[in-house]
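Undergrad: Let me begin by handing over the structure; questions about it come next.
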Amino acid sequence: MHTLNSKKETKNFAKLFAQNLKPNDIVLLNGDLGAGKTFFCREIIKHFCGKNTNIISPTFNLLQIYKTPKFNIYHYDMYRIKSPEEIYELGFEEALNGNLILIEWSEIIKHLLTPPLIEVNLKVLDNNKRLCSIHKENFLFDFL
């Protein structure tokens, strides 16, 4: 577990995490509303697409796709999904073919996903601090 004391620390931590990602990784981001899931995803996307990339939250349209030179990044927000099957209407099977997948609010579809999965758990502490833990295949994914 890592305590992130500011937005800057969270940003740097997300960038470091992104350096360890590759095509075919599925990253599940968990945490309460306002925990920083979208912020964390933005830094991952910027790592691959460039810091000036216009990144839009997928909250309303459920999916944003970003192109990198070698693969696409599929950024899903499952907050408004009512049925796990709805993810297939959003091109999920296509996303599985050599792309990086980021899923916020993944609880509703987690049981449909094939391991290995990388889980990023964010929790708000006092004074805007965050507690972050990262797990892969039931083992702590520790790169620091």
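Backbone N, Cα and C atoms are what each Cβ position is placed from, and that goes for glycine too.
Pulled the feature table from Swiss-Prot, pasting it below:
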type    : residues                     : note
BINDING : G34, A35, G36, K37, T38, F39 : ATP binding site
BINDING : T38, E104                    : Mg(2+) binding site
Undergrad: Residues with Cβ closer than 8 Å to the Cβ of E104 (Mg(2+) binding site), same chain and 6+ apart in sequence?
TA: L29, K37, T38, C41, P58, H75, Y76, D77, M78, Y79
Undergrad: CB neighbours of K37 (ATP binding site) within 10 A?
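TA: Around the Cβ of K37 (ATP binding site), 25 other Cβ atoms lie within 10 Å.
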Undergrad: Around F39 (ATP binding site), how many other CB atoms lie within 10 A of its CB?
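TA: F39 (ATP binding site) is surrounded by 17 other Cβ atoms within 10 Å.
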